[in-house]
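Chemist: Let me begin by handing over the structure; questions about it come next.
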């Protein structure tokens with residue numbers, strides 16, 4: 001990296017003119033050039049050309065200044081450098097190799113097609129369905145965050161999950177968790193079987209059930225941890241070992257956690273899905289999905305499906321995600337802290353029967369969760385034992401918007417059995433322990449005291 005500062009007569013008055021007017025010393029420099037050329041190594045800065053100060057001056061640098069420069073160089077030479085920046089730093093320091101002008105905001109390449117160099121030669125891009133610089137910038141960043149070989153952005157989380165199911169052929173099997181997002185459940189129970197794929201549903205928190213379900217025909221194991229909405233925790237490491245022993249891939253829907261809190265690929269998963277609509281974009285203004293994958297062979301298969309099916313994310317939607325993702329770590333930190341305090345308040349409330357949140361010490365999966373994630377996130381649920389009370393809470397609060405989805409800066413509240421999970425038959429929901437009085441909360445970035453007070457008023461206004 002080289003930066004320079006030069007004074008040219010075409011831009012400023014000559015030094016002679018300034019000197020004649022008494023505005024500058026006769027011994028002032030006629031040219032100033034500063035060149036900074038750091039050579040980075042794994043853990044420290046090399047002392048060779050690590051800091052070069054080049055001044056062309058009539059007056060030589062005095063001994064004190066020379067000593068200061070040497071001391072600065074020595075300090076830089078011995079400074080320990082982290083092997084990798086933290087997520088919050090990576091998010092705002094995107095290496096945008098797609099922009100020749102180094103704009104601070106990644107450019108939006110709002111185009112459907114690209115001019116080619118000749119009739120028989122192709123440029124780096126030809127048609128946005130197949131690739132676009134704005135999408136590539138987002139995918140490159142997401143791959144880095146998830147420690148993936150490649151990442152791919154889709155028009156929604158469900159489009160991303162649908163692409164994964166197309167990796168499985170007629171007669172092969174998918175083993176999937178029984179407590180998953182309602183849209184995923186609909187895809188697995190009503191759409192995937194049409195192609196001749198066998199779907200087995202198990203409680204992924206019970207390793208013996210998972211082991212019994214995985215067989216020679218199993219090609220994919222699909223799980224969420226924590227699950228949506230009941231916050232059940234599965235052992236991603238051990239399930240990955242079981243699946244790989246049979247030659248199956250492992251998919252983890254990591255939408256509730258995001259790359260800030262969990263990296264399932266490092267735990268053994270092969271594919272990680274994010275609904276980028278949620279924490280990645282963070283503002284409820286765009287739909288998007290992500291698949292982050294390990295291995296070039298798998299990456300090529302996923303790209304083939306994305307390109308062939310036309311499910312790649314549009315440039316403007318990619319740009320919105322790039323804008324939102326810069327504050328993801330900051331948002332999640334605040335949202336998670338709010339969720340923890342609200343969950344603690346609810347867990348001690350006499351009208352609440354149970355709170356499902358892995359961040360609470362008495363959660364049965366608490367220790368397992370924190371062995372594979374950095375935090376519990378900001379989505380949780382609770383039951384009251386009364387559908388009427390739950391309905392009153394959802395409808396009476398003024399700072400929680402009644403809406404599906406989660407991960408927005410705005411706090412959201414819902415009753416999953418009537419909203420996000422309504423497509424699951426009632427008898428199936430009941431068998432899985434998904435009761436109609438269940439309330440799901442996605443904590444936003446508001447003042448937590450206002451949110452707790454809002455809930456408290458709602459409880460107090462419900463007739464006994």
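Note: Cβ is positioned from N, Cα and C throughout, glycine not excepted.
Annotations per Swiss-Prot:
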- 1-55: transit peptide (TRANSIT)
- 127, 129, 157, 158, 275, 277: pyridoxal 5'-phosphate binding site (BINDING)
- 278: N6-(pyridoxal phosphate)lysine (MOD_RES)
Chemist: For the binding-site residues 129, 157, 275, which one has the sparsest Cβ surroundings, going by other Cβ atoms within 10 Å?
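Modeler: Output over binding-site residues 129, 157, 275: least Cβ neighbours within 10 Å is 129.
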Chemist: Let's check the environment of the residue listed as 'N6-(pyridoxal phosphate)lysine': how many other CB atoms sit within 10 Å of its CB?
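Modeler: Around the Cβ of the residue listed as 'N6-(pyridoxal phosphate)lysine', 21 other Cβ atoms lie within 10 Å.
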Chemist: Might you list, by sequence position, any residue in that chain lying six or more from residue 127 (pyridoxal 5'-phosphate binding site) with a Cβ less than 8 Å away from its Cβ?
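Modeler: In sequence order, 112, 113, 114 meet the Cβ cut-off.
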Chemist: Compile a sequence-ordered list of residues in the same chain as residue 158 (pyridoxal 5'-phosphate binding site), six or more apart from it, whose Cβ lies below 8 A from its Cβ; state 'none' when nothing qualifies.
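Modeler: Non-local contacts for residue 158 (pyridoxal 5'-phosphate binding site): 183, 184, 187, 289.
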Chemist: Provide, as an integer number of angstrom, the distance between the C-alpha atoms of residue 278 (N6-(pyridoxal phosphate)lysine) and residue 129 (pyridoxal 5'-phosphate binding site).
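Modeler: Between the Cα atoms of residue 278 (N6-(pyridoxal phosphate)lysine) and residue 129 (pyridoxal 5'-phosphate binding site), the distance comes to 23 Å.
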Chemist: When DSSP is mapped onto helix/strand/coil, what comes out for residue 157 (pyridoxal 5'-phosphate binding site)?
Modeler: helix
Chemist: Are there any residues in the same chain, six or more apart in sequence, whose C-beta is under 8 angstroms from the C-beta of residue 277 (pyridoxal 5'-phosphate binding site), and if so which?
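Modeler: The answer is 156, 157, 284, 286, 287, 288, 289, 405, 407.
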Chemist: Give the three-state DSSP assignment (helix, strand or coil) for residue 277 (pyridoxal 5'-phosphate binding site).
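Modeler: Going by the DSSP assignment, residue 277 (pyridoxal 5'-phosphate binding site) belongs to neither helix nor strand, so it counts as coil.
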Chemist: Please find, for 127, 129, 157, 158, 275, 277 as listed binding pyridoxal 5'-phosphate, the greatest distance between any two Cα atoms, in Å.
Modeler: 25
Chemist: Sort residue 127 (pyridoxal 5'-phosphate binding site) into helix, strand or coil using the DSSP assignment.
Modeler: strand
